[in-house]
Amino acid sequence: MLAIATLHVALQVFGAFSLSHAAAVTLEHRSAGNSNIAAIPAKWDVYGYLFNVTVGSPPQNITMLSDMTWMAPFVRSGRCLSQFNPELCVAQGQSFFNEHDSTTFGNTTFAQATWPVTAFAPNFTVDYGRDKFCIGNICNKDILMQVSDFPYPGSVVPVIPFGGIFGLAPTPKTITETSEPVNFQAWKNGNMGPLVGWHTCEVLKSAASCQGGDAQLVFGGTDTTMYSAKKIQSYEIQNPEWLSDAFYPSTPPRSNYWTVVDEGSEGLGAPLSLNGYKYLVRHIKSAKLASKAIVQNIQQQGSSGYNTANQDWYTVSCDGLDEFPNLVYQLDGRKKYTISPGDYVTKLTDMPGSVCYLNVNVWKYGRTENGDARVVLLGKAFLKRKYLVLNFEERSFGLAPLLTG
């Protein structure tokens, strides 16, 4: 590397980034072969990682989007405009959960909830119901879930390749039932451990651990073959008030983010402040503003779009990456993590010739007037060489180097 080829992103992150240091946390790691642990393959889609569950009795197969900022599980239903009418409420080709076909579904007395702004639909309105919910071979009765009841016909919402959202956000300090993810409810009922493990197979020599998918989620424990427990660094989550609407405006304000980890559905690229991005571009001689056609192609690579800032995109040479800077992230004043050029320079595979671009995410919420950032979003580019452990009991998460084989 060149002498200047290190861009040090000195962030007090995951204290959201407060100056206080997160306390060390002891995690209980259990093998993915345990009977109350489910290891599930997930496929990458432009929306994020998708995996399958079953809901109801008899079981209905539902493809879920993994979302580390969502809370209680959500399913598309045959409801809209306060009525059950699948012909009106579900667009042709859209998968959904049919509550009338389940003998175990029940409504609840929880009030209807609406989020005016989401990446999926405007005025995102849900009712709450309960039903049997299975992750792999682990089934839980009476799981509280969100059931769509949008204030418009189903034709208004574009067809998407999943029928639900699997929330993986930590519970807030003051826990309410409507804020509990499926796995938290299962742990509370003694059917599953409090941990969730995650890794992608993108950089592995063998993708066997992902079971035919692009990533693996382990509910109730972790895959201890993919990392060394001795090398895990843990962080307690800390959510200041100003972070409460980091993803979407929310009433009441949110205080339960993994401050801030997201597996890719909100930002694929290496996270930088605007100033950091400009610095990076200045130190890469081949960087050129991308054409409109290339920008359109880049945007089709993935991301929900809501939290992606209006930023310039740059093409760079696909060669000579050893002259590009490393990106070094220091979390909470402690552990430093590095993203090498090979992980933030991405080649567009569906364009003629050899076209590479800087896959950098200047998060919308992270922008400030002076170009610095109080918060960055650690997405896929950061996590693909890490094993991620979410601890719902301790409200903490851990990172360890992924054993690539």
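Note that Cβ sites are derived from N, Cα and C of the backbone, with glycine treated the same way.
Per Swiss-Prot, the features are:
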| type | residues | note |
| --- | --- | --- |
| SIGNAL | 1-24 | signal peptide |
| DOMAIN | 49-400 | domain 'Peptidase A1' |
| CARBOHYD | Asn52 | N-linked glycosylation site |
| CARBOHYD | Asn61 | N-linked glycosylation site |
| CARBOHYD | Asn107 | N-linked glycosylation site |
| CARBOHYD | Asn123 | N-linked glycosylation site |
| DISULFID | Cys318-Cys356 | disulfide bond |
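Locations of recorded Swiss-Prot features on the structure.
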{"residue": "Asn52", "record": "N-linked glycosylation site", "DSSP (3 states)": "strand"}
{"residue": "Asn61", "record": "N-linked glycosylation site", "DSSP (3 states)": "strand"}
{"residue": "Asn107", "record": "N-linked glycosylation site", "DSSP (3 states)": "strand"}
{"residue": "Asn123", "record": "N-linked glycosylation site", "DSSP (3 states)": "coil"}
{"residue": "Cys318", "record": "disulfide bond", "DSSP (3 states)": "coil"}
{"residue": "Cys356", "record": "disulfide bond", "DSSP (3 states)": "strand"}
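Ranking the recorded positions Asn61, Asn123, Cys318, Cys356 by Cα distance from Asn52 (N-linked glycosylation site) puts Asn61 first. In this structure, the C-alpha atom of Asn107 (N-linked glycosylation site) lies 21 angstrom from that of Asn123 (N-linked glycosylation site). In this structure the alpha carbons, written CA, of Asn123 (N-linked glycosylation site) and Asn61 (N-linked glycosylation site) are 26 Å apart. Taking each of the glycosylation sites Asn52, Asn61, Asn123 in turn and counting other Cβ atoms within 10 Å of its Cβ gives the largest count for Asn52. In sequence order, Val345, Lys347, Ser354, Val355, Cys356 make up the list of same-chain residues 6 or more apart from Cys318 (disulfide bond) whose Cβ falls under 8 Å from its Cβ.
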